[in-house]
Amino acid sequence: MSGYDTKTIEPKWQKAWDEALTFRATRSGDKPKYYVLEMFPYPSGRIHIGHVRNYTMGDVIARYKKSTGHNVLHPMGFDAFGMPAENAAMASGGHPKDWTYGNIDTMVAQMKPLGFGLDWSRMFATCDPEYYGQQQSMFIDFMEKGLVYRKNATVNWDPVDMTVLANEQVIDGKGWRSGAEVERRELTQWFFKISDFSEELLDAIDGLDDWPEKVKLMQRNWIGKSRGLQFAFESVDGGDPIEVYTTRPDTLMGASFVGISPDHPLAKELAETNEAVAAFRAECQKGGTTEEALEKAEKLGFDTGLKVKHPLDPTWELPVWIANFILMDYGTGAIFACPAHDQRDLDFSRKYDLPVISTFAPAMGEAGTFILPEDGGPAYVPPKPETVRYLLPIAGGEAMTGEAAVDAAIDRAEKEGWGTGVTKFRLRDWGLSRQRYWGCPIPVVHCDACGVVPEKKENLPVQLPDDVTFDVPGNPLDRHPTWRDVPCPSCGKPARRETDTMDTFVDSSWYFARFTAPRAETPTNMTEAEYWMNVDQYIGGIEHAILHLLYSRFFARAMHICGHLPESAIEPFDALFTQGMVTHAIYKTTGPDGRPVYHYPEDVDLKDGKGFLKDGTEVEIIPSAKMSKSKNNVVDPMDIIDRYGADTARWFVLSDSPPERDVEWTSAGAEAANKHLARVWRLSADIAEGNDTGSDDEALLKEMHKAIDDVTKGIESFGFNAAIAKLYAFTNTLARAKAGRAARRQAVMTLAQLMSPMTPHLAEEVWSMQGGEGLIADAAWPVADATYLVEDTVTLPIQINGKRRSEITVSKDADKAEVEKLALADDAVARALDGRAPKKLIVVPGRIVNVVI
RNA sequence: GCCCGAGUGGCGGAAUGGUAGACGCAGCGGAUUCAAAAUCCGCCGGUAGCAAUAUCGUGUCGGUUCGAGUCCGACCUCGGGCACCA
């Protein structure tokens, strides 16, 4: 007997599936369809064990759904535009295109030996002109429908390299290559009008029943609907009124100053004549553009000397300050500050010695050790639904919730005519312009006579030129000698192409739709889209909870408006599952220069939880760290396949941790997985050669049907680790079973079927060893027989005052009175009661008995 | 700074508000073997006890409940996102 030989088994069955076109997605018959999709990878170079986990989960679902009678679509492609390709070209020459397609070839070659049931015939990369040409065509459709526009927006500017930087290229406020202090600079950029859909994208979240609550909550907060008051502060000095928006109009009597953004038109106007203002504005331009950088930056202010009137008291004059923490993008770019109830405003007021006035305090009785902010306490910011005691109410009573007070304040302002209740959203329009080469060119032309004109559709795709270099910073499209020069699509006179390319989030916002008809001459094919959409199960990382998923939801709506998707597909992902990362310990020592040295796992011997190098030096073990090349803790799936086979890798990434949590890769765990699969193989071989004697067939059947039931439920609920635990238990049962050959053969074939979504090669091998008909991949999923699932008796734990003290065994349909009688007769209970009657007796049928004494 | 999660034995983890620790790893003991590997069997949260058993125990502190890993509040630590990483 040759043993469990993955190097023979795995290629054999992969070939069999290929030849039988087992995983080719078809619309045949009257079967229901099922579309399962994992977030497609960026072609970084090699596949990562995290990819293996992600695609294995999808494959389990895909194979399971196929065996329950669905037409399954399970495609794969590559999110192939983006910065790393340009960085590689800058670092080591070559061309982003060659680098990217080379990586794709490598990664496909690495994925195939893993035996995923994918329809490879549908594969594409977003950098294929056939794909991005269709994207350009849709961009033009979006323009026609008014979903795209241009406006100014801030970017990170490196003043030394004279180039725009991505947020990740700004490190501690400095450019990553030049080290120069980064500035914020305005450029005219293209935007998608996602904000037109704010309300709709928010409301529709309620219908996403099979999305994780946390993702829905994150999206709701991101869209950020708020109700507030918009009103104007009249100028004392005869200038224009300053419009402000506030979500806390109830704190108006606590106003300390009026703040405007450094980018507010008034600030810009002042800067023209006032050098100090101009200098302050320049100071505020320093640093990166991220919200985090802005929030964490030191609060800076500049007193303009201007004064405005308080709307409720014309004699009350408030100073106007320019403050760096006020965003022009949100509200009106101007606020009134209430330091008593906002920590940022309080920090600012203390720094610049501005007044602090509390408008409310904790409700009576809850005051305790409360210190008012004006007396040195922190800003008092209770949740809005909490009742507080108003010291300076502007409307309504003294004790109110913040919510009620805000409503009352808006009512008063509207009645008196000095303000309006306004609903605003935090969600900003989607800026898609990138000043980079390796992306989808924006298909427009700038003409001196006609302005901005979309390219003619028959001229699409607007292809990236191949003859570019990356030896100097900046966008190669900008300095290409001829690429920019084109005739105006409208008047035919010489004009210039747009040199900005699209954000790569655009590429990934509709690939799922393209998979339904990947070679269509239009972005989608309606027949195919109607049949396959929506994605029934989408699987990916939690890091995409907001941007990618929100942009895709917007895109599906925009595509529907332009006739590229049916209305039923405007929420493209019916169910979402977010999986955790695969982590691995880091082995670290400290070098002679005091800097950390990271060691490869194969160089470290593990003993009793400690790690040692070959020379005996003990290494520090940092567990569960994100895999990173610089930390030498990356596990290469190809090494695992080579050593143990694909099924072991697949089994392990599913077995050790719940799928939504991170899993730590350990060599011990991989070995254990491999041992178990070898054991199943031996068990099958034994049974195939075994004899017919035995009894207890009934007991084995019972366990088998329980296993079918448990594993089916486990797969359906993404409890893969729990399903695998049941499979271990059932394997143990089968190995020890004294049943006859027929019953054991049936059991091992069922075991193979239950394992087949996770370890498909081994499952096929066992199936064929036992003389199963056809491929296990085509076999119908086993169904549990309910008659085997019911137990005749149940064991009930007995608690005394909530602590387990004993147990009784009763028949499964014993009524409450009978259980009570048996419980009271129990020795432990009788001892504890000592003749007294229990205070209370709780019987939860089939669950527990609790005697309260 | 803001938003969202997660914390259970030596380790990964299981547990519709109802027996905390299923299953796996490591460890310990045994069988098999000339020996080893492989395999098979048994034990395995802490403390006390020969044992029966008692007692403590799910990041920390409090609360709701007959009963809390699970629900509520505060805090600590770690992770994800913050609009140009993908």
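Just so you know, glycine gets a Cβ as well, placed from its N, Cα and C.
In TrEMBL, annotation is done automatically, which means it is predicted and not curated.
What TrEMBL records for this protein:
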{"type": "DOMAIN", "residues": "A:36-170", "note": "domain 'Methionyl/Leucyl tRNA synthetase'"}
{"type": "MOTIF", "residues": "A:41-51", "note": "motif ''HIGH' region'"}
{"type": "DOMAIN", "residues": "A:220-365", "note": "domain 'Leucyl-tRNA synthetase editing'"}
{"type": "DOMAIN", "residues": "A:428-584", "note": "domain 'Aminoacyl-tRNA synthetase class Ia'"}
{"type": "DOMAIN", "residues": "A:626-665", "note": "domain 'Aminoacyl-tRNA synthetase class Ia'"}
{"type": "MOTIF", "residues": "A:626-630", "note": "motif ''KMSKS' region'"}
{"type": "BINDING", "residues": "A:Lys629", "note": "ATP binding site"}
{"type": "DOMAIN", "residues": "A:697-818", "note": "domain 'Methionyl/Valyl/Leucyl/Isoleucyl-tRNA synthetase anticodon-binding'"}
Residues from the same chain, set at least six apart from the ends of the motif ''HIGH' region' (A:41-51), whose C-beta lies under 8 A from its own: 78-80, 82, 84, 100, 103-104, 106-107, 110-111, 125, 581-582, 627, 634-638, 640, 649, 653, 665
Three-state composition of the domain 'Methionyl/Leucyl tRNA synthetase' (A:36-170), taking helix and strand from DSSP: 70 helix, 23 strand, 42 coil
Within the domain 'Methionyl/Valyl/Leucyl/Isoleucyl-tRNA synthetase anticodon-binding' (A:697-818), residues counted as helix, strand or coil by DSSP: 71 helix, 17 strand, 34 coil
Composition by DSSP (helix, strand, coil) of residues within the domain 'Leucyl-tRNA synthetase editing' (A:220-365): 48 helix, 48 strand, 50 coil
Segment confidence, the motif ''HIGH' region' (A:41-51), expressed as mean pLDDT: 88
